[in-house]
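**Q** If you scroll down you'll find the structure; I have some questions about it.
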Amino acid sequence: MATIQTPLLLETVGGAVDYKGRPVLRSNSGGWRSASFIIGKNSRHSSTKRPTNQILDCKMATIQTPLLLETVGGAVDYKGRPVLRSNSGGWRSASFIIGVEVAERFAFYGISCNLIIYLTGPLGQSTATAAENVNAWTGMAALLPLLGAFVADSFLGRYRTIVIASLIYILGLCLLTLSAMLPSLSTSSNQVQVSLFFVSLYLVAIGEGGHKPCVQAFGADQFDGQDPEECRAKSSFFNWWYFGVSAAAAVTIMIMSYIQDNLSWGLGFGIPCIVMVFALVVFLVGTRTYRYSDKGKEKSPFLRIGRVFVAALRNWRTTPSAVATEEEEVCRALPHHSSQQFKFLNKALLSPNASKEEAEVCTVNEVEEAKAALRLVPIWATSLGYSIVFAQTSTFFTKQGATMDRTIFPGFDVPAAALQCFIGFTIVLFIPLYDCIFVPIARAFTRKPSGITMLQRIGTGMVISIISMVVAALIEMKRLKTAQEYGLVDTPDVTIPMSIWWLVPQYTLCGIGDVFTMVGLQEFFYDQVPIEFRSVGLALYLCIFGVGSFISSFLVSIIEGATGGDGRDSWFADNLNKAHLDYFYLVLAGISVVAFAAYLYFAKSYIYSRQSTS
């Protein structure tokens, strides 16, 4: 888009419009051609016409002002032209993008929710091997958004990256469907099916890596953060975004797992493929209404920020006496809080060897971008405690449920994994309450458009996640006690007479925590990164949960080795009646408390990079 937009943008005159209030081109307005009329007019009638001209100027000003307010700064349309607020962006465009994400989540969960069953079933892998493959794929899918965001923010732009990633996504789903149909089409070696399956699976991960960080950032781009009304709408956008994603996840888990288990794997993978094609069509339909970020000929944000750190390192040993005067001038040019925070980066503004060449000296804006990126690191790191808790909902929570009474009515047992739907249903129920009731009440007290700050919202969810781990530990203690009371400790295959609905509170608390922390993290990493870094910001948010899954696996491995062996049952024994998941949950609660304490310390000293909803 940048190569198309730049020539057109260079021709427009900033802050000026024609007699109809439209943006003007430099080539056909103003300059000496217009000035000559004005000079000649004033020289002949200066004494009589000046009042009339002044009146006309005032009238034009009153006409132009509202029209100027209608344009959206820093945004262009699909042809690179300045856009008007009235016919672009906003909820009309965002609704297309939310619909695309809902369809994409349906496709993604249509694969991931039952993936381990397919690996251990039709592909004939062992449970351990299947688990390793699932973890490797989900980890890769969580880390690839960093690469996709880099490509989008540095080269292709979000719109083009979304389209290309969607095509790769669809190709992967088509091949996945084909691999599932191979046994019925051919009697050749199973190795062909396995190879095709994994190639297609990782194509889906690549498509996910380009699609996921860009779609949400592109959706938020449809709201102007400088306009008070659209600023409030942007905060609401993140709520409804997660509402749609959670609803799609809950519905998909129920529908697709049934189709895959009882009808056909080919159909079970084919439906997500069709849905993804539909998502791409919906996205393309909205092309003319979208607002696109105007990047012009600016350098890559990665190069700009990297240049700051290199320059600061190069000037690291510069003696204070040699640069004292220059550094004082630099600090006076910076906002007060900026000059005091990460002062070592201010050295990137200094000229080495008294040189004033622009190529060697960073600008104040570049230094501020680097500081904004560096401020995110502590928040990102301290959020990992929450992501470790999040990883348990699809693993040990499910294992607990498998040992309990799951009977709904005679002849029908609810699948243990189905209780994950309670997280999605809780989010679907709670987000409208949060957006329509909690935010207006909080806004009345805090006078903030979003009710509470982004960091306050994230911290609230962290507290709820700690409570969920304590509740999970207490319920597990009751489950173990019930097994002992009924003499079932040594009979793991016998159902414990304790209803699976006892697990609903911990699932519900996890869902409420997601409403606060996950939505808050999405908004925070979008809003607080440099504008050109927004896709990367959302990729960093996604990586929190990928890294959290890896840390969770590492903890399980360490605890398994420390508590098992020498004939002892570990905390994760195959016989859960002899295991101690309750101890593990309490350990996670303790880790989360430490992470939350660190989070409070860094959040208290955090300086928002610009005026925002918070």
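Even glycines carry a Cβ here, placed using N, Cα and C.
So TrEMBL says this about it:
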type: TRANSMEM; residues: 106-124; note: transmembrane segment
type: TRANSMEM; residues: 136-156; note: transmembrane segment
type: TRANSMEM; residues: 163-182; note: transmembrane segment
type: TRANSMEM; residues: 188-206; note: transmembrane segment
type: TRANSMEM; residues: 240-259; note: transmembrane segment
type: TRANSMEM; residues: 265-285; note: transmembrane segment
type: TRANSMEM; residues: 376-397; note: transmembrane segment
type: TRANSMEM; residues: 417-442; note: transmembrane segment
type: TRANSMEM; residues: 454-475; note: transmembrane segment
type: TRANSMEM; residues: 500-526; note: transmembrane segment
type: TRANSMEM; residues: 538-563; note: transmembrane segment
type: TRANSMEM; residues: 583-602; note: transmembrane segment
**Q** Which bits of the chain, at least 6 residues beyond where the transmembrane segment (538-563) starts or stops, bring a Cβ under 8 A of a Cβ in it?
**A** 135, 138-139, 141-143, 145-146, 148-149, 212-213, 216-217, 376, 380, 383-384, 386-388, 390-392, 395, 521-522, 524-526, 529, 570-572, 580, 584, 587
**Q** Residues of the same chain, at least six outside the transmembrane segment (417-442), with any C-beta under 8 angstroms of its C-beta?
**A** 113, 235-236, 239-240, 242-243, 246-247, 249-250, 253-254, 257, 393-394, 397-398, 401, 448, 450-452, 500, 503-504, 507-508, 510-512, 514-515, 519
**Q** Between the transmembrane segment (500-526) and the transmembrane segment (454-475), are there three or more C-beta pairs closer than 8 Å, counting only pairs 6 or more apart along the chain?
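**A** These two stretches do touch.
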**Q** Any contact between the transmembrane segment (106-124) and the transmembrane segment (376-397)? By contact I mean 3+ C-beta pairs closer than 8 Å, pairs at least 6 apart along the chain.
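**A** Taking Cβ pairs at least 6 residues apart, the transmembrane segment (376-397) and the transmembrane segment (106-124) are not in contact, as fewer than 3 fall under 8 Å.
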**Q** Which sequence-distant residues neighbour the transmembrane segment (188-206)? Criterion: at least 6 residues beyond either end, Cβ under 8 Å.
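**A** Beyond its ends, the transmembrane segment (188-206) has Cβ neighbours at 108, 111, 123-124, 133, 137, 140-141, 144, 165, 168-169, 171-176, 178-180, 182.
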**Q** Using a Cβ-Cβ cut-off of under 8 Å, list the residues of the same chain that are 6+ residues beyond the ends of the transmembrane segment (376-397) and lie near it.
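**A** Cβ under 8 Å, 6 or more out: 417, 419-420, 423, 455, 458, 461-462, 465-466, 468-469, 472, 503, 506-507, 510, 513-514, 517, 521, 524-525, 528-529, 537, 540, 544-545, 547-549, 551-552, 555, 581, 584-585, 588, 591-592, 594-596, 598-599, 602-603, 606.
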**Q** Please indicate, using numbers and ranges, the residues of the same chain that are 6 or more beyond the transmembrane segment (454-475) and have a C-beta under 8 Å from a C-beta there.
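**A** Contacts with the transmembrane segment (454-475): 379, 383, 385-386, 389-390, 392, 397, 400, 502-503, 505-506, 509-510, 512-521, 523-524, 527-528, 581-583, 585-586, 588-589, 592-593, 595-596, 599-600, 603, 606, 612-614.
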